[in-house]
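According to TrEMBL, the protein carries these features:
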type	residues	note
REGION	1-65	region 'Disordered'
COMPBIAS	18-27	compositional bias 'Polar residues'
COMPBIAS	44-62	compositional bias 'Polar residues'
DOMAIN	46-434	domain 'Catalase core'
BINDING	R90, R130, F179, R376, Y380, R387	heme binding site
ACT_SITE	H93	active site
ACT_SITE	N166	active site
REGION	424-458	region 'Disordered'
COMPBIAS	428-452	compositional bias 'Polar residues'
Amino acid sequence: MAQDKLQKKSSKVVSKSATTNSISEIQPGNGGELHQIGSIDQPELTTNQGTPIADNQNSLKSNPRGPTLLEDFILREKITHFDHERIPERIVHARGTGIHGFFELKKSLKKYTKAKILTEVGVQTPLFTRFSTVAGGSGSSDTPRDVRGFAVKFYTKEGNWDLVGNNIPVFFIQDAIKFPDLVHAVKMEPDRGFPQAATAHDTFWDFISLTPEAMHMVMWIMSDRTLPRSLRMMEGFGIHSFRLLNDAGESTFVKFHWRPKLGLQSTIWDETVKIAGADPDFHRRDMFEAISAGAFPEWELAVQLFTQEEADRFPFDHLDATKLIPEELVPLQVIGRMVLNRWPDNFFAETEQVAFCPSHIIPGIDFSNDPLLQGRLFSYLDTQLSRLGSPNFHQIPVNVPKCPFANHQRDGHMQMAQPTGRVAYEPNSLSPQSPRETPTHGFSSVAVQESGNKGRIRPESFADHYSQARQFYRSQLAVEQAHICAALVFELSKVEHPHIREAMVGHLVHIDVHLAQRVADGLGLVQVPPPPRAAVDTKDFEPSPALQLIGKMKDTLQGRVVGILAVEGSDRKAIDAVRKKTVAAGASVKIVSLKIAAIKLSDGSDLKVDSQLAGTPSVMFDAIAVILPGSSEKLSKEPAALQFIRDAYTHLKAIAVDDGGKVLLKAAGIKKDIGIIDAEAVDDFIREAKTRQWSREAKV
Ligand code: HDE
């Protein structure tokens, strides 16, 4: 009888028991627990076959305390589906964050390409971008020292174009055949299952020390480029040379660059390590909050264009992915912008199932002979087949082209299309409406002649492994060089085998003897080990300031977060002044206090608290203000408060303090210093908050 009542009401009612675990409340007979939800027309809960479900709380048993019956198809369907919910995670780049957006062309490349996305100025092309770390599993933290993936799927009028890049313009290896070894070396060691998402272990450095071509990339990954402050503050690079093809079939080489509007910013190592503990989702949350607040991140798309003749004169081979083309040699031309403005509806459906393939390309763009790119053209399609389980992965909504598409491919696992008619082949005479080739504007490859002997041969032009590594290192500011040295010492200190440490320092000698000496000192080596034999002499290229990171930090508070530490009795006026001006300057502000409940300020008004101090270290902020009542001695004994201000100081952040804040500053043993500002001087605070106090670093 109660069951009947439930079924009758099922389209308009919800069982209160859905939110409770109390057995008495979830008995199906407990009809009194049901209630109407106003006028909301709620859909019926059904099985996947559409059968309405009367009870989603109890499995079917032979008696109330008896065994569960095999005939309970509702239970079995639900649990079976659940058991199969996980798909294999990506072998690399498993941890990622995806966002929808658009690309808008500002400058036509019509002279070079027929691709509409690069010729139709002002047109907005929808896209989906996924940022990722490389080494960690999908549940790993956002902030290990790691390269970041920067993959963009453009849904163009002429098909999907995937530009699958990284936040570093070069790669570890020159030939795709070495990729499985590289990845096996960097991933957790197979016998022990650790470390997760870290390069600081023996197998990684063993492989690297035996792979001289990786040395340029090593300089990049040991720099703060691998510690981004935000996904919104990273550059992106297509890495390989691609080709643009115009209507006449002429080809021009191109390298793609993404440049963030917010400028570049990184964290520093000690800060990064603490962020991983305080908020493993630091980057995903930052992006989610920015998109939710309407602060849509934006990047410029820039290209480097060059001809075969120009390439022939470069002092390196542009087909070698361990080399970049300095901006000083081939300047960047900005051609458009990408704006990310819509968070996915569902993480799994979109971010997890998006399938990037460098082979997803459109007429007017073509591949170069870079052997790393050539290998990737095979790998990604193969990986999607294994990961998503079917050649029909293009039918998953996030992967579906937004232009018409039609062919005679049929069937396969999880086929969603239902084609009609008897014709599934081409050419045919039976179905005049069926899809046909379009030689006029269909995809065509560049017509170049290839010659030479077949063989497994590395070209001589790929032999210089150290010159660009040296150029990178020597282009860095002193602070940046110090960070590279410290990172190498940290990483190699985690290596158990001394011969690997020594071999690595040997390579550094080729890059820069002072660098090698500093790292050798840091590792406690008695002398700098001899360098390995190099195939060619290392060249002294001109330093390229464009390779710096700190130099690309923008003088802005946009995208930054200021934390204000306040307690009961803190001064309302001081808090309001800091908050108002920093928000006006573009920052977001969060109030941190001892408890999460609202606090009463000096004037008796209430202040909403955003985060609790013990769970919110200052690493969550770019700058802090400490506004405390004069009598804040008690807080000065609070370890979390002391750590809050000490870390902000050590991490070279601007700190604004009122008189009460000064008491905490003193208790933390911090003396007056650059970047420590009177809370009343908000403009000074804002100026200092836009940067880090690099000159403080030597002291801390
Ligand atoms: Fe990838 N890479 N990769 N890679 N890669 C994958 O494809 C591979 C390389 C990059 O957000 C996999 O869908 C080979 C360079 C990004 O979904 C796999 C080689 C660059 C992403 C694969 C490389 C990248 C991947 C794993 C050497 C920068 C994440 C899952 C020839 C230009 C895309 C997947 C996303 C993902 C293979 C080298 C970037 C296994 C064989 C160089 C951003 O197919």
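Using N, Cα and C of the backbone, Cβ positions are placed for all residues, glycine too.
What TrEMBL annotates, mapped onto the structure for a quick look.
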| residue | record | Cβ neighbours (10 Å) |
| --- | --- | --- |
| R90 | heme binding site | 19 |
| H93 | active site | 23 |
| R130 | heme binding site | 22 |
| N166 | active site | 24 |
| F179 | heme binding site | 18 |
| R376 | heme binding site | 21 |
| Y380 | heme binding site | 19 |
| R387 | heme binding site | 16 |
Handout entry: Mapped DSSP class for R130 (heme binding site), helix or strand or coil
Key = strand
Completion exercise
Residues in the region 'Disordered' (424-458) per DSSP class, helix first, strand next, coil last, are 0 helix, 0 strand, 35 coil
Fill in the blank from the handout: Of all C-alpha pairs drawn from the heme-binding set R90, R130, F179, R376, Y380, R387, the farthest apart lie at a distance in Å of 21
Practice task
Just give the helix, strand and coil counts over the compositional bias 'Polar residues' (44-62), going by DSSP.
Solution key: 0 helix, 3 strand, 16 coil
Handout entry: Three-state secondary structure, R387 (heme binding site) (per DSSP)
Key = helix
Practice task
State the Cα to Cα distance, in Å, between Y380 (heme binding site) and N166 (active site), rounded to an integer.
Solution key: 15
Handout entry: Residue pair R376 (heme binding site), H93 (active site) - Cα distance, angstrom, rounded
Key = 14
Handout entry: Cα-Cα distance linking H93 (active site) and F179 (heme binding site), given in Å to the nearest integer
Key = 14
